[in-house]
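Report on the following structure.
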Amino acid sequence: MSAINDPIAAASSGPSEPVQEVQVDVTKLTALSPEVISKQATINIGTIGHVAHGKSSTVRAISGVQTVRFKNELERNITIKLGYANAKIYKCQNPDCPPPSCFKSYPSSKEAHPKCERPGCDGRMDLQRHVSFVDCPGHDILMATMLTGAAVMNGALLLIAGNESCPQPQTGEHLAALEIIGVDPKNIVILQNKMDLVRESEAMEHCESIKKFVEGTTARLAPIIPVSAQLKFNIDAVVAAICNIAPPNYDFSADPRMVVIRSFDVNKPGAGVDELKGGVAGGSILQGVFKVGQEVEIRPGLITRDANGVCTCRPLRSRIVSLHAEQNHLQFAVPGGLIGVGTLVDPALCRADRLLGMVMSSVGKGPSIYVEIRAEVFLLRRLLGVKTDDSKKAKVGKLVVGETLFVNIGASQTGGRITAVKGGDVSIALTTPACCEKGEKIALSRRIDKHWRLIGWGKVRSGGTLCEVVDPE
């Protein structure tokens with residue numbers, strides 16, 4: 001995959017020699033500071049919904065970026081890995097320029113004050129938001145990938161195709177995932193897509209079915225906007241709605257921490273030893289500020305097992321050599337948005353998303369690593385994402401000791417075996433160690449009809465902390 005148009009892989013273009021740590025006064029920064037949003041996104045918006053309802057097309061209509069990049073994705077015309085794209089949203093300052101026409105989105109390389117493109121308007125536009133889109137796959141077998149993307153979302157666009165009945169299986173499953181992760185109901189926007197394929201009367205009936213579907217769900221407050229992503233119809237109304245999504249109150253002064261959702265080896269085949277670049281980690285900063293030249297640690301890092309099956313973790317330590325938000329080179333990166341971090345880590349350890357789910361932090365300031373967790377679990381009343389006429393089959397059965405589940409902790413994905421069940425509390429032995437904090441939410445999936453299906457969620461109470469071995473060098 002080419003790194004030229006890749007917002008995360010672009011981070012590899014930084015220098016390979018040691019660099020001095022940048023000094024930043026974090027007390028003067030906010031998520032909407034002009035000097036921040038001019039260079040990097042500070043809010044993550046996910047696109048969710050059933051397969052082929054227009055998630056990637058909507059991101060392309062807003063940002064101009066094609067998120068489907070890999071050969072197998074292009075051949076099958078579906079999203080398989082998490083897609084990502086940045087966009088700047090501007091508003092015309094001419095009071096005679098009416099909404100939503102006064103809103104316009106551009107790629108993240110756009111200048112600070114472009115001229116308004118509405119015919120007859122000579123006003124200038126001001127930057128309102130800089131947004132990262134997390135484009136999730138809609139196929140049922142890729143639900144685990146969707147949950148990884150949901151871990152970094154601040155808001156969401158729920159795509160529902162107007163030419164199909166509502167709800168489709170993954171529409172409900174993705175909406176439940178938003179509720180589990182805890183996305184604010186005010187930060188969800190419903191897009192009734194493919195309006196160019198239906199009559200007005202059909203669109204109105206479909207809109208009523210959407211309203212009925214979202215009653216009592218986390219999307220109950222969401223506005224419903226009719227759009228056509230292919231024709232870019234009503235996209236100005238969508239970006240106006242995105243401007244109503246406020247960035248979270250990030251803690252800029254806390255110890256920096258970033259969850260990794262993609263990682264790359266950006267070296268071309270046949271590159272000489274002198275040309276090799278370190279691995280690139282892509283993800284979203286949760287708190288604090290990362291700076292070029294800073295010493296960082298990636299946990300859990302290298303995981304080994306002895307003859308008795310006891311796990312040992314060796315966190316990876318490195319220095320940040322570059323920070324990128326798409327083509328924008330950064331000296332420091334703040335929470336929100338998707339950031340590419342160029343490091344000196346062996347690229348073989350980063351290729352093919354091998355750092356997925358790991359956490360980057362200052363040295364010695366990372367989260368605890370668990371091999372077993374105890375969590376308070378809440379099961380869904382019925383199975384989502386499955387078409388069935390049998391009500392008994394659709395009900396979610398109780399958890400039993402010895403059962404194997406698929407567990408999403410933050411962006412990490414691992415198997416888990418239930419070792420104890422007591423009331424609503426469950427102990428789960430993890431197949432591979434994972435970073436988490438007490439109180440963190442987890443998603444649980446059970447294997448049903450050869451697919452992992454979302455069955456519930458939980459809150460981490462405690463766990464057996466993993467013994468670590470830190471590389472003395």
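Cβ coordinates come from backbone N, Cα and C, glycine included.
These numbers come from a predicted model, not from an experiment.
Neighbour density for Ala52 (GTP binding site): within 10 A of its CB lie 18 other CB atoms from the protein chains shown. Taken from Swiss-Prot, the feature GTP binding site applies to Ala52, His53, Gly54, Lys55, Ser56, Ser57, Asn193, Lys194, Met195, Asp196, Ser228, Ala229, Gln230.
Note on the domain 'tr-type G' (40-250): mean pLDDT across this stretch is 84. Residues or ranges marked as domain 'tr-type G' by Swiss-Prot on the basis of sequence analysis: 40-250.
Residues or ranges marked as region 'G1' by Swiss-Prot: 49-56.
Positions annotated as region 'G2' by Swiss-Prot: 77-81.
Residues or ranges marked as region 'G3' by Swiss-Prot: 135-138.
Here Swiss-Prot flags 193-196 as region 'G4'. Under 8 Å from some Cβ of the region 'G4' (193-196) lie the Cβ atoms of residues 53-54, 57-58, 159-163, 203, 226-231, 233-234, all in the same chain and six or more residues away from its ends.
Here Swiss-Prot flags 458-470 as region 'Interacts with CDC123'.
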- Query: Record lists Ala52, His53, Gly54, Lys55, Ser56, Ser57, Asn193, Lys194, Met195, Asp196, Ser228, Ala229, Gln230 as binding GTP; longest Cα-Cα distance in Å?
  - Reply: 17
- So how many other Cβ atoms are close to Gly54 (GTP binding site), meaning within 10 Å of its Cβ? 24
- DSSP-assigned states of the region 'G1' (49-56) in counts, ordered helix, strand, coil: 2 helix, 1 strand, 5 coil
- Fewest Cβ neighbours within 10 Å, where candidates are the binding-site residues Ser56, Ser228, Gln230: Gln230
